[in-house]
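Worksheet: the structure to be examined is printed underneath.
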Amino acid sequence: MALQQEGFDRKKRGYRDINEIDINMNDPLFTKQWYLINTGQADGTPGLDLNVAEAWELGYTGKGVTIGIMDDGIDYLHPDLASNYNAEASYDFSSNDPYPYPRYTDDWFNSHGTRCAGEVSAAANNNICGVGVAYNSKVAGIRMLDQPFMTDVIEASSISHMPQLIDIYSASWGPTDNGKTVDGPRELTLQAMADGVNKGRGGKGSIYVWASGDGGSSDDCNCDGYASSMWTVSINSAINDGRTALYDESCSSTLASTFSNGRKRNPEAGVATTDLYGNCTLRHSGTSAAAPEAAGVFALALEANMGLTWRDMQHLTVLTSKRNQLHDEVHQWRRNGVGLEFNHLFGYGVLDAGAMVKMAKDWKTVPERFHCVGGTVQDPEKIPSTGKLVLTLTTAACEGKENFVRYLEHVQAVITVNATRRGDLNINMTSPMGTKSILLSRRPRDDDSKVGFDKWPFMTTHTWGEDARGTWTLELGFVGSTPQKGVLKEWTLMLHGTQSAPYIDQVVRDYQSKLAMSKKQELEEELDEAVERSLKSILGKN
């Protein structure tokens, strides 16, 4: 018997009305694709780009890799997409047929997926539009956003579609970015994502790339269960001079950034790509444009090493992303406990395709991943209207057990909390090595006073590589002009990572790189711990 499906909203990110069609249709837009090679177009900062030129010069163009665009359809007859379209891996879940063609409307609303597809896989050297980041990759259309409402079945079916044919899934959508929604994947979709990372690509894991969201400073992407999932790579955006886009959300789960437009009125500061009716556009924007660029970079890395797992790709992202000339006016760049530089909005920096493919070529699969419940605080605690509620939790990170976590990847704080005004809540968590993660920032439009957060998994990537053992500190307080009240009902610390050092066996080519720094530190820590074990053994015998 079929189960009744609940309908809910999922919104495309970065949609912008088209006011005009580009008139220079016979001229390629490659020179306007500043995010590929930035020479200062549209008053941009030269050199601030994805460094795809280096990857291309090394021979990597995405050949043999398929990217699935989960969206409102793809104009697969577009002359810049047709040669790279993978029909076998495509499907229309909005209409239940194998033809994920967009539904044409007068307002061009369903151009979203076609634009994203062109960023990844637009063909090169055909005198049409521009060039995809991975211009020899294949693109699959997964049409799933063009129906009256979303269901768990449609999402789960899309995310799990053809996981042995599709390598990378790109999603430029999510819950409504209105600054007051708290939502994420439901039961079937969560299971589909878990199956994807465990079984997809022959067990190496499907790679899910997610746009971090377009709610701006009034929202927080840790309230988006897709962007804040451990199983996705959450991507934010910068504009062509390194500043934040006005729609950028910040959160501790964002892993890295690419490029889009969100400040400049100059149309050439947008993202050039394919459009409906065989046209081209310069007006794609939002983190919608950022996620497909990342999917393209990951396709280049996969071509360099098809053995990469979903976790390998996240490690490579952390190690090769760069601060470059990114500038966040609100959040400073900081270093975590093992020296990795990060930013609350940009993550570990902008993707560097050249650096990633070079490291991917020599990469050895990271050690097995373990999961540890670091501890739970279940006694209800009142959050004061002024000041902060400060709680500590000391953990051995399951040391001495099979699931010991020594080197962190993701950390989750699963929290149940209520407040008279949820949007005024501010939650920070500090690791034993002193790294503070902003788990929740103020959302002024969120006036919820009833639901709060119920076992919500706030996630941080900022403690990547750190030692999980020691005392973790959770701080909760209110930010706003009106006094509020709240109660923390539960906090569970979830630790995810490896027992053995992930980088000791990696090949170092650049001795100034983050990999070289991390490997050196791991070797020193391993030596220190070996000496400590030997001393304990000697003292025990005496």
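Placement of Cβ uses the backbone N, Cα and C atoms for every residue, glycine included.
Given the structure is predicted, the values throughout are model-derived calculations rather than measurements.
As written in TrEMBL, here are the features:
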type: ACT_SITE; residues: Asp71; note: active site, charge relay system
type: ACT_SITE; residues: His112; note: active site, charge relay system
type: ACT_SITE; residues: Ser288; note: active site, charge relay system
type: DOMAIN; residues: 365-501; note: domain 'P/Homo B'
Cβ neighbours of His112 (active site, charge relay system) where a neighbour is any other Cβ within 10 Å: 28
Message: I'm checking region-level scores; what's the whole-number mean pLDDT for the domain 'P/Homo B' (365-501)?
response: 98
Query: According to DSSP, how is the domain 'P/Homo B' (365-501) divided among helix, strand and coil residues?
result: 3 helix, 75 strand, 59 coil
Field: C-beta crowding around Asp71 (active site, charge relay system), within 10 angstroms
entry: 30
Message: Suppose we draw a 10 Å sphere around the Cβ of Ser288 (active site, charge relay system). How many other Cβ atoms does it contain, all chains included?
response: 29
- request: Give the distance between the Cα atoms of Ser288 (active site, charge relay system) and His112 (active site, charge relay system), rounded to the nearest whole Å.
  value: 8
- request: Would you mind reading off the Cα separation of Asp71 (active site, charge relay system) from His112 (active site, charge relay system), to the nearest angstrom?
  value: 7
